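To start, the structure itself, in structure tokens.
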Amino acid sequence: MSCLLVVGLGNPGLKYQNTRHNAGFIALDFLSESLNFHWCFESKFQAEVGTLQVHSHKVFFLKPHTFMNRSGESIAPFVRYFDVAHTLVIHDELDIALGDIRFKYGGSSGGHNGLKSIDKAIGSQYLRLRLGIGRNPNEDVVHYVLSDFSKQERECLMERMPLIQSSIQYFCQYFCAAFDQSPQELLAYLQNHFSFKTKSQMTLHSRHSQANNTSKEPK
């Protein structure tokens, strides 16, 4: 029987658990607590796996333990083994503001190494929930994504989790009603009802920089 898969991207281990690159893991951990499913490590898929039942269909949740750049090596065998009909991937996104949410179906990886690995393993035709982490123009990208969220940033991210949960539940309800429904129609609905854009385009980093510059001005 066909099933659904929700993937959260990140790196395994305590060292990375609060890093910006682990936004996908953070989202799935929230879903695990709020939807009351438990994680079990499956060595043949190199991943933590959780399961829910929706309208007699299984919905799997997956946290690859292959490290970000090899995410596809975990996801591809899982998709084949369970005959996954539709996949949604939650990942961090540099190109949108912290806490903003966007949806996408197919297309380019945008330079995200986790998505590159998935595209290589199963192709690019899957839904994506892009969770904004913003950019710091004064910091190297690799160092930035592998650095921890500040307390303020983490709080901003967690404020979006109920909206993310609602979007994932709609994804599940939509396809469990009929697996042959159009992903593009679902995408349009998700974009219209579950996207989030901050009113101010000023990022936390620019606010901090502005505050620091102001404090250094001579009186």
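Cβ coordinates are placed from backbone N, Cα and C, and glycine is handled just like the others.
Annotations in TrEMBL come from automatic prediction, not curation.
The annotation in TrEMBL ties TYR16, PHE67, ASN69 to tRNA, and of the candidates under consideration, ASN113, ASN136, the one tied to the same site is ASN113. Across the structure, ASN11 (site 'Discriminates between blocked and unblocked aminoacyl-tRNA') and ASN69 (tRNA binding site) are spaced 9 Å apart at their Cα atoms. Here ASP92 (site 'Stabilizes the basic form of H active site to accept a proton') is positioned 13 angstrom away from TYR16 (tRNA binding site), judged by their C-alpha atoms.
For the tRNA site, whose annotated binding residues are TYR16, PHE67, ASN69, ASN113, the maximal Cα to Cα separation is 16 Å.
For the recorded site, ASN11 (site 'Discriminates between blocked and unblocked aminoacyl-tRNA'), the DSSP three-state label reads coil.
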